[in-house]
Every structure is written in C-alpha cells, then in structure tokens.
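This report concerns only the one structure given below.
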Amino acid sequence: MTGVVLNNVVKRFGEVQVIHGVDLEIDDGEFCVFVGPSGCGKSTLLRMVAGLEETTEGTILIGERDVTRMDPSERGVAMVFQTYALYPHMTVAENMGFGLKMTGHPKDTINSKVAEASRILKLDPYLDRRPKALSGGQRQRVAIGRAIVRGPEVFLFDEPLSNLDAELRVEMRVEIARLHREIGATMIYVTHDQTEAMTLANKIVVLRSGRIEQVGKPMELYSDPDNKFVGGFIGSPAMNFLNGTTAGGHVSVPGLKQDLALPLNLQEDGRKVSVGLRPEHLEIDPAGDTLTVELTEALGGVSYAHLVTPTGETLIVEERGDVRTEAGARVGLTIPLEKAYLFDADTELRIR
Amino acid sequence: MRAQAKLGLVLLLTPLLLWLTLLIFIPHVDMLLVSLRERVSAGVYRTSLANYWAFLSEPLYLRTFMRTAVMSTLATVITLLIGFPVSYYIAKIARGRVQSALFLLCLVPFWVSELVRTFGWMILLRETGIISNLLQFLGLVEGPVEMLYNDAAIMVGLVYTSMLFMVVPLVTTLQTLPDEVVEAGYDLGGNSFSVLREIIIPHATPGIVSGCIVVFMLSLGNYLTPIMLGGKDSLWFTELIYSQFIVRFNWELGAAFGFMLLLLSSAIVWGMLKLTGQSLERTVG
C-alpha cells in the first residue's frame, strides 16, 4: 500500500506562512490533482511531498512510512518538472537511465528498464538523441520516462503541461491518463488548469492561500461545491454569482428583478447571499427584457452570451444549437431552481 | 546600397584590423625573426636556431621554464578549487542584492593597481609585517618570521590575482543552470557528491575551461607578483625574458624565450580543450 498521508502539514518561509495545516489522504493508485490559482501553495505542497522543500510542521507518510525528514532520494517518489529538467549533456536513453545509474544499478537492468519505458512512451526512435533535438512534447515524454524508469511508488507532476501549446497539451493529457491506467501507481499532479484537473483526477484537492477548500471526486466538486471559491473555480466558463437577500423563505435577486423560490429551508430574513448559476444551466428567454446582451462569443458548437443586469452585474449564458442571441438585445432568463447554488455573502460557505 | 554596406563593414573592421596587425601580428613576426638570428660579431647576423639551442642546452633556462609551467598549473587548480564554491554560492545560493554585492566584492581588489595589491601582501607577510607581529604578540613564535620570498608566497599572490578571472566565467555558466535540474538530480536518487559530479560540473565545464585558460595564461605571463613575493629566487620565466631584453641586451635570446612561452601556453590550452572535449569558440564565445 503506497498511499500518501499529510497530517497537519505546515510550511513557513521565515515569517511568511504559505501552507496552513493541510490534512489529506491519498489512496493507493489514486490520481490526485492539486488545483488552485497561482500562489495558492499547490506546488510548494508537492515539493514538500517530494522532499525538495522542508516541512516546517506536521508529518508526511508515504506508504505508511514517515518520510517527513527524509532526503528526496529515500522517499520512493519521482518528480516530473514543468521545465522538464532534462540533462542537455546526456542522450534520451542516458537521461532516462540516470536515476538507476545514480543508485548503482547494473547496466543490464538500466537498459531493460529504459527499453520498457521508451516502449510505453513511444520514444524508441529518439533514444540516441539529445534533448535539444526534441520537441516540447517529446521532451516532456522523456521527463516522464525518466520518472517511470526509476520505478517510484508515487509519481509527482508539477504543472507538466504548462510549457506546451494547446494542441499538445490535450494530447499529453490523454497520454498521462493512459499511463496512469497502465502503471496504476499513485500520482499527484499539480495544475492551475481546472480542465486538466477535471479530466485526469480521481480526487481533486482545491487549494487557496495554503488551505484546502474542498476535496472530492471531480463531479462531486462540480455538482456539490462547499463554498463560493470552489463553485467559481471548477467549471468553465466559471459560475455566475448574483447578489441577493433572503426574504420570506425566498431569495430576492435585484439583478434579475425576481424572487427565487430555491428548494431550501431559509428561515432567517435579510441575510446577504450570493446566488451561483452555472452558464450551462441557464437559458435565455427571448420574451423577457430585464437583461441586456453585451456581446456574444460564437465558438461553433456553443456560444456564450455575456449579459448585464440592471444592477451592473455580469452573467455568462451558454447557448447550444442554432439559436444565437444578438448583441444589444433585451432578454430574460430561465433559471432551473434546483440547479442554483446559494452561498453566504460574508463567509462564502454554501447554504444547503 | 551593397557598396555602402561593404564600405560600412570595412570602416567598422578597420580599427580591429589595425590593432591586430600593428600590435599583435607585426611585433610577433618581428620577434620571430629576431629570435632566429645569431650575432656573429658587432652588427653582423646570420639566420640560425642557435638561440633555441641555447635555451634547450642550459638547464637553468629549461628548469625555470618547467617550473613556471608547473607552478602556473598548480595556481590554476588552486584558483579553481577556491573559486568554484565561491561562484556556486554567488550564482545559485545568494539571492538578489546579496548576489550583486558579493559579485562586486570580487571586483574590489581590482580598483587598485596590481603593484599596490601585491604590496599589500608584502605588508602582511614580511618579517616585520602584520602576521609576523601578530604571531609574536600571541606568543606562538619566538622572534620574527619571514613568510615572503618562497613558493607559497608566490602561489598566494598568483591565486589572489587570478581569482576574479575564474569567478566571472564560473558565475556566468552556473547562473544558466536551472534549479530544477539540480533538484531533479536529488529526486532521482543522487547525493550531493553525485549531483555535483554528474550534473553541476558537466554543466559548468565551459566556464571551468575558460576560467582555467585565462588564469593559466595570466599566471604564466605574470611578472610582478612572482618577482615581488618570490624575490630573487622566484625563478619565473618572464623574469628571464626581462633580463635578456633589458639587463643583458640579448634581444635574440629574449625573443626566443618569448616564443617558447607562447608555444607552451598554446600547447597547454590546446591540451586542456582536447582533454575536456571543448572548443575555443564554445568556452570563450
């Protein structure tokens, strides 16, 4: 069993605290994605698991072994870096076999492991080349291959696709998902891209300012966010938020000139709330005239209408099919009440 | 337009070509010619290899020559051993203002002339100098100690004089070493020693070689430091050249010595490049 457990992990750089007591359990064979905006501490947390940053407080267990004070080499992890971190003076094969060479394995073992990894990653034609002669995607493959050859218990990926162009990113994303299926090892993956998180993860950890906001399966986070931040972070385009107040069991939303009878038991009147509405759940009602269409973005299959409320708030609505609303039009909105989320305006926590 | 561009190129290159021809090429050709002539009697010369033969047949000349080469090599190695950790600290560990301040500190000694710098060492090391007095004051020695005029003093002076020329290329190459590359080394199971040997040194090789070439050439051609710190017994090859030219007016032998020094430094630089698989363009360019 090689799960990873973080117990109340804290990181301070001098006076500045960047990780505020993180508790997390990652099961054996799980694909866990740390996601969050830049500066949320996700990379720092990963580097702490790798042993490249010291842990100020708390403990880190890998496969029930306390590794908190161990050197990176003793932890049984292998990291794939955003910048690939390949060695320019070595060939692809030497790069991939480097980890085993450092730990004094015989040449035969190294060769067979490198051959195995290059087969998985389709790198055979490039084994004698140097990293300089490879494309970005191939370099990232070599970096992944280097991690595979090391045969770690846990793979760590630090934004591995950020340096690739959009097309390659999709391709490598699929590749990494396939790799996880094939190898079945525990993987921890850091990204700021919620699409990568949604498509790759068994478990997503949403981080903000060094704290865990929510942990769950991708669709759980999408359909059942614990707070406004997770609601806004997961899903693309992002969730719309409108200000409202509770009144008589309903939510009065001035931006829509409407009282929403949400299926919730709201007892307190006059509570300031934020109503979360996903673009894909809303529908434009051409008969209405509360909202103004500012602009529309047609992407082919879907288009996004940007609407402005009378209170100056903005909304994005996804339209499918051939119906396209023109910019400048006045429209209304059909809201499926069971798919609306309610958050407290001050604490930002979900009201269920 | 093309003619204009051509004229521009010629004008741009003229100072460089003038400099190369007048100050490097012509003097060396002349020196070669001088070294190849033998004085038969007053004002009568003939072409021969007599001067080179004189160099090879006199053990003092040959020994001084070899001694200079060995001492310069040693000075280069010591400078590298001291300069590498210093450069690594400046390039990879120090950050921001500390980094620039440390780099600047390496430069500070060069604000005064070499003569003054070397004299500073004499003040420290001589019999009535600061270190000698301090040792006596502390009761560690009885009577004054002379620390000047020996090989160790020469070595100290050479290393001190050359340090900057080692640190600058090393810092420059080490700065281009990405942190992740080093981290990946640890992540892949390396320890400090293997990461240094397998990752940091291969990356820094161009800087190491170019630093070593410059330091070696500077040490080999140094005159002031060996004479001042080594005194009369310094036996430095440049001193021999000086005495042939200035003291004994034997320009022919002096020119031959000069050529031997040029050959020696070229041979050692070539050997160093071959040994490390580097090319001159890569290390200097």
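Keep in mind that glycine also has a Cβ here, set from the backbone N, Cα and C atoms.
Annotated domain 'ABC transmembrane type-1' per TrEMBL: B:65-272, in sequence order.
If you look up TrEMBL, you'll see B:7-26 (among others) marked as transmembrane segment.
The transmembrane segment annotation in TrEMBL covers B:69-90 (among others).
If you look up TrEMBL, you'll see B:102-124 (among others) marked as transmembrane segment. Counting only same-chain residues 6+ beyond the ends of the transmembrane segment (B:102-124), those with a CB under 8 A from a CB of the stretch are 86, 89-90, 94, 130-131, 148, 153, 156-157, 160-161, 163-164, 167-168, 171, 224-225, 228-229.
Within the chain carrying the transmembrane segment (B:152-171), a Cβ under 8 angstroms from the stretch's Cβ atoms is held by residues 71-72, 74-76, 78-80, 82-84, 86-88, 90-91, 103, 106-107, 109-110, 114, 117-118, 121, 125, 204, 206-208, 210-212, 214-215, 218-219, 222, 225-226, 228-230, 234, 236, all 6 or more beyond its ends. If you look up TrEMBL, you'll see B:152-171 (among others) marked as transmembrane segment.
Among the features that TrEMBL reports, transmembrane segment is placed at B:207-229 (among others).
Residues or ranges marked as transmembrane segment by TrEMBL: B:249-273 (among others).
When Cβ-Cβ distances below 8 Å are used as the criterion, the transmembrane segment (B:249-273) is approached by residues 28, 31-32, 34-35, 37-39, 51-52, 54-55, 61, 65, 69, 73, 209, 212-213, 216-217, 220-221, 237-238, 240-241, 279-280, 283 of the same chain, each at least six residues removed from its ends.
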